[in-house]
Amino acid sequence: MNLNTPSIGDAAHSWRSSLSSSGQDFVDQSPPKNDNSLLYHSTAFFFLTLPASIASALFLSRLVWLHKHGREHGLGRTELIYWSSFGLMLSGCISLIATLCMEIRNHQQPLAWDVLVAYASMLLAWMFAMVLNREEHKYTIRSSDFILGYYLIANLGVGAVLWLTPQAPSSPSPSPSYPFSNLHWFLGSLIIGLIVEAWPRGWTKVQKSSTASVFEKANLISRLSFHYIQPIMSIGYSRPLLLDDLTHLMPERIRSEHAYKDLAATWKVQEGRFRALVPKSRQEKAKPRLLFKTIALTFGWVGWAPIVLTRVVSTTLVYLQPVLLGRILDFMMASSSSTEAPQPLSYGIYLAVLMFLVSLMSSVTGAQLLQLNAERGMEIRSGLIGLIYRKSLILSPEARQTQTAGAISNHMSVDAEKWATALNTLPQWVSAPIELLVALWMLYRQLGWCSLVGLVTVVGLIPIQHKVSDIFSEIKDTKLKTMDHRIRLVTEMLTSIKTVKLYAWENAFKARIAGYREIEMSVLRRFGVVYAAMTLIFSTTMFMSLLSFGIYAAVGGPGGTPGEITPHVIFVSLSLFGLLSKPISSMDTLLSSTTSILVATRRIQAFLLSEELSVDLTSVLSGYSEDDVVVRDAVLSWHKQAADDQVGRDNDNATGDETAPLLASASSSSSFSETVATPRAPTLTNINFRLRAGSITAVVGRIGSGKSSLLSALIGDMYKYQGSVQVRGSVAYVSQQAWILHSSVKDNILFGKPLDQDRYEAVIRACCLQQDLDMLPTGDQTEIGERGINLSGGQKQRVALARAAYQDADVYLLDDPLSAVDAHVDHHIWKNLIGPEGLLKDKTRLLVTHGLHHLSEVDQVLVMKDGSISEKGQFDELLEAKRGFYQLNLEFSVTANKQHRKAANKAVTSLTDTMSEAGSEATEDIDATTVVAAAGNASSSAQDPKATNDDKPKPAAALVVAEKMVHGGVGWHMFMVYAKAASYTNIALVIILYILVEVAQVGTSFWLRYWSDAGGQDKYSVIEFLVIYAGFTVAYMAFNMVLFYVANVLAAVRGARHMHDRLLDNLVRQPMAFFDVTPVGRIINRFSTDVDAIDENIIWNLIDVVYCLVAIAGTLVVISISTPQFLYAVPPLTLCYLYIQSYFLASSQALKRFMSVSKSPLYQHFSETLAGVSTIRAMSAAPRFVRANGKKADLSAETQLAFGMANRWLKVRLEFLGALIVFDAALLAVLNRSTVGGASLVGLSLTYAMNITGDITYLVRSWAEMSNQLISVERIEEYAELPQEAPLETGVRLPESWPAEGRIVFRDFSARYREGLEPVLKNVSFEVAPGEKVGIVGRTGAGKSSLTLALFRMIEAKDSYWARATAASVHGTSAVDLNGNDTLGGRTGGGSIEIDGVDISTLGLHTLRSHLSIIPQDPTLFAGTIRENLDPFHQSTDAELWTALERAHLKPLISSFSEGLSYEIVSNGENFSVGQRSLICLARALLRKTKILVLDEATAAVDVETDELIQRTIREEFKDRTVLTIAHRIKTVMDSDKILVLERGEVEEYESPELLLKRREGSLFFRLAEQAGEVH
């Protein structure tokens, strides 16, 4: 049965066949009459006239477009190329004219009209080309795509015409020639012209001078072959690639700025129309597709047409291959038939060449389709990132409460990312139905009505596919949600790892994380089971072919007779079944991917439709006025609510002071929780005040009174119900929790402003930063780690102050910036920066403060109470009024104003002298969380009084250790690591099962071949043939199902669980120094991206690699059986494949790493922006941050596109070799048609050969992808192999109630933060008696926090076993020299710490830390209930919890929540103020009931009244316990039993405060107290 219609090839064959005589082709000199018209018309029209006419129209359109829209580049033109090209076009035109004249002269009869039209159309096209060539050189910097494309088509067309046109044999007598037979000279000019036009122009001055991207400089052939990325591949093969090698690779239109402008313009129009829709129901109907429609309209038909057209061409070329296969089988059958005359050999060669060209063109168009999809997808992604980023900067307070920082980050990192690959999926909704219909129609032509089995199967699969899609969608949603919970928990644990370790809560967090992980594993297991069952559906093409062939063989012939089973029917149908399987098997992926894209788009849309900040919240005025800030009758809130609604909680609770949206973090202190159902009153009511230009105003009040909210109102962060808020001029804002950029110190201070060296140095001095910079290894060029991790709290606050001061703004809003600094630093900053004589003396300043000691120097004091200004006026006026402020000052101000000013002045005067003695001029004590390279270098210089300039640390690298990036291949070692995790047995089973699957499939094909050969011999009945065929099919399906069960349920789940658990177990056991130098984002990448790759990708890559290897081996066997000569081509082809693979892998792995690494800065910058959005807006820095985001997004897009281009570079080259394999198989079959073994064997061989192209390409890509995915194993293994800190438990037996007394003894104890750094504690010896209260004080850098960290073994004794063992993890190595005889608790000169006579170095870390209590400097709360935060191990009753809260003065607040102890605390405790968090930490300490309590700056963030309450609680509740207190406020430790004074890491004084104060000038403690104004 022949399903094909006549083609040009048929015409040539028919004509040439008629010319054959005496075993020779083409001896007759005149074409037969019946074919003359077909030859002339079809050949001339299809190969010459049609392409030339289309080219002329395109050339003319291009000329018009260039004149209307083009922009001259102004770089001149390369004369050599221009005139060479022009000359070749001109010579081609002359050749055409000469050839036409020759044809007219040689022919006795007039030429046919079609010949004249062909010549005229070609001549016209090349004349247009000459004009266009001149304009293209003016407007573009590369060869014209239109001209070069026509060169390609014209060469093929003229070559085809010359090949199809018979030539007259040489004869002494003149004979008439055929039309077009004299086009050889014209073809020659075309070939040379093509070479000139296609030659790369990178060497030309025009391209060297251009700033266009590499892609935009590449010509058409370079783009089709992806040759433009060849330089990168060559560099990667010769040396490791660098990120700089990828610069300026992608088109300009994909860059963030351009993509955003296009998308934003359309979104603005569509959003406006959407919001204008009435009634509301119309909005709801249009809402789901709003953003999707916006994306579609942004690019219009011009943007989508190339994708659709390329898809159509690609699909057409794919379906041409079965047609050509059928022709070759007909050729072979005719050659072996005794009834039909054999067809000429040249026809078979012609078909083999056509198969090669179609296969090659299919590869090229497929690669171009992927490239177009990637470019458009990346353009959409870049535009969406721009929209999301800009929207996040202008969210309203209400929107910020519903849009958490994590959710917004996910919109960028997850939702927008889906569009990068979306266009590989979405166009299939158009192409898949067409492919199905074409395949079914072609099957109908082969098998008749029997092929309807395929249609019935397809229709029957639709509801099953839909159900499968729903199941997979549900599984995916559950997996993602669970992963989100797990990542949130891990992030929370890592960001607060110091607190987790201090409280010994590692196991509690591990258990909670393991709970979520187990849910993920159950989901993966369920997916594996479902997928294994669904392989029966994915194998439906085998089942369809079984039923179709069975019915056809039984009743498929005319009149219900048995159908004829021939090689043509079998193997063409098999090819079509293979094509039919692609859209069927892809339907589940298509449904799942489309669902994911739609969900992601709706999520982004919901965010983009969120409420924005109103422009009228704050009026920004310009020009001169007596008042810079004027607030009249203002009522403001964090919630969009009626102004007169006063129902709600007291503003003394979390609804006051630092109440802020969930995004607050650095910009304000806390926010409301969504769980509270009661309506809320306005946060600020009846606010009236003025700030005179150049004045300084202080805002005071208890925690929760609305101080921070007042500042937020001035920067426009709150809803304004009524009144007016006016600010004149520019604003500089310093938040209560310092917001620090992950950049250098200098960049943090300049904040985008140009450098003014004099002002910069003045600001450094005023903020007391000079000595800090001297201590840092590279001064102000030192990189500050993520969240300022390598700075102390005071240093971060002073950097934030310096940033604001450098801005030279008109109005300064300062939210309690002095709470985190020592007393002498406080006075220095006040005198030199903020105060009446400071650098900002001419600026308007509004200062929130918990301290009272500077209030006598301010121009105005605002006293906040319950969200209102209860008192305002000058300091003396408020004292005279004798109201609340007077009482506060009377109780908590320890000296008279005169005495205080005297002490302050003296403190500032003596600051330089006293601090030079300590070697540190205002650098806060650096705790363990800030210990990085800088801290060590600082210690070595600051603590050595004999250090000279030569001894100063040399400039060093960035403080945060750079992420390790391995160069080269991953190697087999990482595969074996994964195989071990997944079980060697499971991996071996996967390989064996795939071999069995391939054996069953090849067996099926060979049985069909045998059936087609034996069909007419009546050797077996149809039933017998079908039974054996069905046996092979069932075996194939069964092996397939077992294979995927073993792979997805046994191997994947086991490997995923093992790798994750090893990573988690080892990370929580790392020393604090590891977390100091490792950004949290870097670790989170392991738990998110890398773990996800192991969960879902690696096993599939392994399956793909094994499948391709087995399939290729089977194909080579089949082809070799058919044509043994093919074996000669195997070695060179194998060498080519191996070379291309190694060439590709050398670069692809680096590009994959770049793709991963480049995303981190983008997401980190976005998270950083969200944390500081209020500061960014207040200081008008949004445009600069938008540009920075665009650059990072462009870098990420560039690396992602480069990786995709490299894959397509590989695809084109491998599939070219694959096309050669098809050509070799076809050509060898044609040349050996008499000995090959029949058409059935050729059909089998070619069917497999047509698939080997994709198999080999997929093998190399899968191999490369598996290598790339194994990078995730490598990254996880890197952290899983780091050496751990000391064990959690040891075999040391302790008394049951240890410590029963609370005696602490330090004996010659020395410690350093890391091996190789100078000690921060030196020979410290002192003893704390049971129940003593010891205050620990000292100048900055003295080692106060280091002492407490040593007590908890957060840092180990100098040169001890564990100090040296854990050094390896910090340096990133897996081994360390531990020579010596020290044992587990041994020490070599670092001294010891004993608690109740027990050396703590012999105890397990959990044993030690669980018997100590601490209230840390940074009060940390975790997401969860209040109960879980107080008692994560559920060891206390509710009554005990309420008692602890009552003693911590929190019971009224917590009891006001309807949920009580079950009230949900959001991440980082953002729905509580900083002071309230400190009180919750106090409640924790009250619950632990240990004999030793450490207070590390526990009251730094609370007002003096709350501080007094806390101290009173400690005195009452811990009266029989040993208490060590570190405090900036000297007043806090004045009632201690003893004072420990540290200086340069050594014990300077250790006596009662009374004795130390009596020594006066001889006591360092006296001087510190005097500077703080506590003595007079």
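Just so you know, the numbers here start at 1 and follow the chain as drawn.
Keep in mind that glycine also has a Cβ here, set from the backbone N, Cα and C atoms.
Note: TrEMBL annotation is automatic and uncurated.
So that you can see what the record holds, here are the features copied from TrEMBL:
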COMPBIAS  664-673  compositional bias 'Low complexity'
DOMAIN    307-587  domain 'ABC transmembrane type-1'
DOMAIN    667-891  domain 'ABC transporter'
DOMAIN    988-1268  domain 'ABC transmembrane type-1'
DOMAIN    1304-1569  domain 'ABC transporter'
REGION    646-677  region 'Disordered'
TRANSMEM  80-99  transmembrane segment
TRANSMEM  144-163  transmembrane segment
TRANSMEM  183-200  transmembrane segment
TRANSMEM  290-310  transmembrane segment
TRANSMEM  347-370  transmembrane segment
TRANSMEM  529-553  transmembrane segment
TRANSMEM  565-581  transmembrane segment
TRANSMEM  984-1008  transmembrane segment
TRANSMEM  1028-1053  transmembrane segment
TRANSMEM  1098-1120  transmembrane segment
TRANSMEM  1126-1146  transmembrane segment
TRANSMEM  1214-1231  transmembrane segment
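Long-range contacts of the transmembrane segment (80-99) within the same chain: residues 119, 122-123, 126-127, 129-130, 133-134, 137, 143, 182-183, 185-186, 189-190, 192-193, 196-197, 199, 201, 204, each at least 6 residues beyond the stretch ends and with a Cβ under 8 Å from a Cβ of the stretch.
Distant neighbours of the transmembrane segment (1126-1146): 233, 236-237, 968-969, 1116, 1119-1120, 1206, 1209-1210, 1213-1214, 1217, 1220-1221, 1224-1225, 1228, 1256, 1260, 1263-1264, 1267; these residues of the same chain sit at least 6 beyond its ends, with a Cβ under 8 Å from one of its Cβ atoms. The stretch in 183-200, 984-1008, 1028-1053, 1214-1231 that contributes the largest number of Cβ pairs under 8 Å to the transmembrane segment (1098-1120) is 984-1008. Nonlocal intrachain contacts for the transmembrane segment (183-200), taken as residues 6+ away from its ends with a CB within less than 8 angstroms of a stretch CB, comprise 81, 84-85, 88-89, 91-92, 95-96, 98-99, 143-144, 147-148, 151-152, 154-155, 158-159, 161-162, 218-222, 227. Packing against the transmembrane segment (1214-1231) from elsewhere in the chain are residues 328, 331-332, 345, 348-349, 351-353, 355-356, 359-360, 362-363, 366-367, 1119, 1122-1123, 1125-1126, 1129, 1133, 1136-1137, 1140, 1242, 1245-1246, 1249-1250, 1252-1254, 1256-1257, 1260: each is 6 or more residues past its ends and has a CB under 8 Å from a CB in it. Here the transmembrane segment (984-1008) has Cβ contacts under 8 Å with residues 542, 549, 570-571, 574, 1025, 1028-1029, 1032-1033, 1035-1036, 1039-1040, 1042-1043, 1046-1047, 1050-1051, 1054, 1102-1103, 1106-1107, 1110-1111, 1113-1114, 1117-1118, 1244, 1247-1248 of the same chain, all six or more residues outside its ends. If one looks beyond the transmembrane segment (144-163) by at least 6 residues along the same chain, the residues whose Cβ comes under 8 Å of a Cβ in the stretch are 43-44, 47-48, 51-52, 55, 58-59, 62, 122, 125, 129, 132-133, 136, 180-181, 183-184, 186-187, 190-191, 193-194, 197-198, 219-221. Within the same chain, residues 521, 524-525, 527-529, 531-533, 535-536, 538-539, 542-543, 546, 549-550, 982-983, 986-987, 989-990, 993-994, 996-997, 1000-1001, 1003-1004, 1007-1008, 1011, 1095, 1098-1099, 1102-1103 sit at least 6 positions outside the transmembrane segment (1028-1053) and bring their C-beta atoms closer than 8 Å to a C-beta of that stretch.
The predicted model assigns the domain 'ABC transporter' (1304-1569) a mean pLDDT of 79.
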